[in-house]
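According to Swiss-Prot, the features are:
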DOMAIN    13-92  domain 'U-box'
REPEAT    133-172  repeat 'ARM 1'
REPEAT    175-214  repeat 'ARM 2'
REPEAT    217-258  repeat 'ARM 3'
REPEAT    260-299  repeat 'ARM 4'
REPEAT    300-339  repeat 'ARM 5'
REPEAT    341-385  repeat 'ARM 6'
REPEAT    396-435  repeat 'ARM 7'
REPEAT    441-481  repeat 'ARM 8'
REPEAT    486-525  repeat 'ARM 9'
Amino acid sequence: MAGEGVEMSEEEGAFEAFVCPLTKQVMRDPVTIETGQTFEREAILKWFRECRDNGRRPTCPLTQRELRDTEVSPSVALRSVIHEWRARNEEKDLDRACASLVGGFAGHAGDEEEEESALRALVHVSQICQRSAASKDLVRRRGVLRAVAEMLKSGSRRLRLKSLQVLRVLVEDNDDNKEELGKGDTIRTIIKFLSNEHVQERELAVSLLHELSGHEPTCERIGAVYGAILLLVGMGSSKSESAVAVDKAESTLRNLDRFDANVKQMADNGRLQPLLTRLLRGEPDTRVAMADYLGELALANDDKAAVAEQAGPLLVGMLRTGATPAKEATLKALREISSSEASAKLLLQRAGVLPPLVNDVLFSTGHLPMKLKELAATILANLVASGADFRSIPLDDDEDDDGGGGGRGRRRTLLSEDVVHSQLHLISNTGPAIGCRLLSVLAGLTSSRATVADVVAAVKSSGATISLIQFIEAAHRDIRVESLKLLRNLAPYMGAELADALGGSLSSLLRAISSDGGGVTEEQAAAVGLLGDLPEGDSSLTRQLFDLGAFRALAPKLAELRRGTIRGGNRYVTPLTEGVVKVMYRVTCALEEDAEYVEFAREAGLAPLFVELLHTNGMDTVQLYSAMALEKLSLQSSHLTAIPAPPSPPAGFGCACLGRRPAAAAVPAGVCRVHGGFCSLRETFCLAQADGGKAVERLVACLDHLDGRVVEAALAALSTLVCDGVDAREGVVVLGEADGLRPVVDIMVESRTEALQRRAVWAVERILRVEEIAGEVAADQTVASALVEAYRNGDPRTRQTAERALRHLDRIPNFSAAFQSKRS
């Protein structure tokens, strides 16, 4: 029989009785009418409808005889004969196609005749199997299914495409064929098509996989192929694939998620919902398994938040009521979920994770494995790192009564004294893993101004300072780092206690700072940060550090950091630099106490180094402490300068005003005009000397800094050039030469902070002592207004200074000398 335009060469001829007179085709459902003639049912019914539509009585198409009725009778015998005839022909067609596919084609591209023959055979197989479901079993038994599967490896795209189409027909509604196709590497071959560049191959492959995934054993094999689920997930979420391909991929994934192993793979590849569905709706054992696997995943932050929102309450419930295995699986999941800020806050605020975590696990008096406490400590550290307000999160379900007859007691929180005491106790009496995480918890709580005071009070009341300091020398690096971070956070609030207790641990700190592991480490940054935050006025600690060689070791390290020769390539370079600058600033605070410190500052070249550090853009703390150190150093210049014989009086005097620079007074060669002796930046710390590396210019540049603290420190350093004990008039000249007068005046006018206003008013008053400047400034109403404002609203000292400045501007009249002397 000719099937859909495909010729069959050896077809058994059809009898005339098999052919419908109307369609001229072999009948499938023959029926007989009143005249005894036989037609295809659909064809004769159509003829009757046309007769009625044309207003004619129904007639026989062959005899044209009018019919009394249009009843038709099935011709059962004829239909049976036709069916047998058709089956014989289809079997012959199938035999020829099978023979062609199984033994006649090697699957290689290049022979067009063989390729065309194979394509015709594939078409015959497809058509026959679509007409007869029984043929699908015959195809399998004769090896055609396997032969078609092998054609998927053909070099001909046409053959590959047709093979994918035919395979889908062969396995549709036939589990035996699906089982057969699932054997060997055919599934792997089909999956490879999902990454093919050709769109049609991808669509046909995913359609075939969708059909195969309806068979449970084959579905399991699909999931077992490496990369299959990833490719399907990618196709299912693709914006470039066709809607059909996306839908088939999604449907295939839904079939695949019947197996736990596939669900885990999907979660690995970002498709979390099947796992969450099992977790939320599964049996208890399934929930535990899903929670356990959830803890093994490396989730993106968005996924962590989604899991926390959907499954957080359930996990907290499992933590409260579950047995030990369930608690462990839940804690693993919570450890992963809590490691982002958004998800941690969801767990705290919506799921209520804190009370069971702390009360039922971490501080539990039951016989829980230490592994669970370690997990709980890690989760707690993650939660604290989220920055949530732990003052408002109670650890108890209900507030306790205070025992006074109805009053309600203060809620227990993570910051309650007894809770902090319990943490400190665990830190000292458990292994390094738990201790490290709890140190991290306390370090996180003390990093917030809102909560640090509670922890400081608890540390003091527990007497745990010595214990915490001992962890600096722990064998485990992580414990050392976390303890250093905690102690550094405590230093601003209990610096004296820490300085007294450090004692022998100072050498350990210095070893940590000086260690060279090929880059800057977190431990180095934390150790030097702690030293830098201890009170700089503690002379005993300064002496200890000096005797231990701390300053001599850190000075060259600071120089290397400035030059960039220490390249950590990480986030710890900046905190290390800031910490070292703070430590080196300490020695400048003690220059008046011991000549050794002065000699060291000279040898180490601290003044030139701090001048260089003023140019460290982006490091406000470094610039701040460098300017502060230069102030301390500059104050020593008048004591260190070597005074020569008195120079000849200058021929005349001029001063740099707001817009021009006067000529400086003549001084002997090599003599500092500000300090009146032989000065240098390195030896006498003089900012005004030519070897100062533009110290004054760099300090002036800092007056425009956005950080008011840096501005104040730079102004304080510059003020040493116009203070008592130096030639202030010459200091004004130096400031003028560096274009520093206008910025000082602008600071006073802007009045950003009270401290800045006080310093600026003092400096302006000193500048206005130079008559030439006072004369010019008198015309600037903004300066006078700023001084009047300081005079009206400043503190007593600032008001006195502003009054003197206004007198320089003749804004306040000069009274009698006697009265003036009393006023001064």
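Positions of Cβ are set from backbone N, Cα and C atoms, glycine also.
Per-class residue totals from DSSP over the domain 'U-box' (13-92), listed helix then strand then coil: 33 helix, 12 strand, 35 coil.
Long-range contacts of the repeat 'ARM 5' (300-339) within its own chain (CB-CB distance under 8 A, at least 6 residues past either end) are made by residues 270, 272, 276, 279-280, 284, 287-289, 291-292, 294, 346-347, 350-353, 356-357, 360-361, 368-369, 371-372, 375-376, 378-379, 382-383, 386.
For the repeat 'ARM 4' (260-299), same-chain residues at least 6 beyond its ends with a Cβ under 8 Å from one of its own Cβ atoms are 220, 223-224, 229-230, 233, 236, 253, 306-307, 310-311, 314-315, 318, 322, 325-326, 328-337.
Each residue in the repeat 'ARM 4' (260-299) gets a DSSP state, and the totals come to 29 helix, 0 strand, 11 coil. Across the repeat 'ARM 3' (217-258), DSSP classifies residues as 31 helix, 0 strand, 11 coil. Across the repeat 'ARM 1' (133-172), DSSP helix (H, G, I), strand (E, B) and coil residues number 34 helix, 0 strand, 6 coil. For the repeat 'ARM 9' (486-525), the list of distant contacts is 439, 442-443, 446-447, 452-453, 455-456, 459-460, 465-466, 468-470, 472-473, 477, 480, 531, 533-535, 538, 540-541, 544-545, 548-550, 553-554, 557, 566-570, 572-573, 575-576, 579: same-chain residues at least six beyond its ends, Cβ to Cβ under 8 Å.
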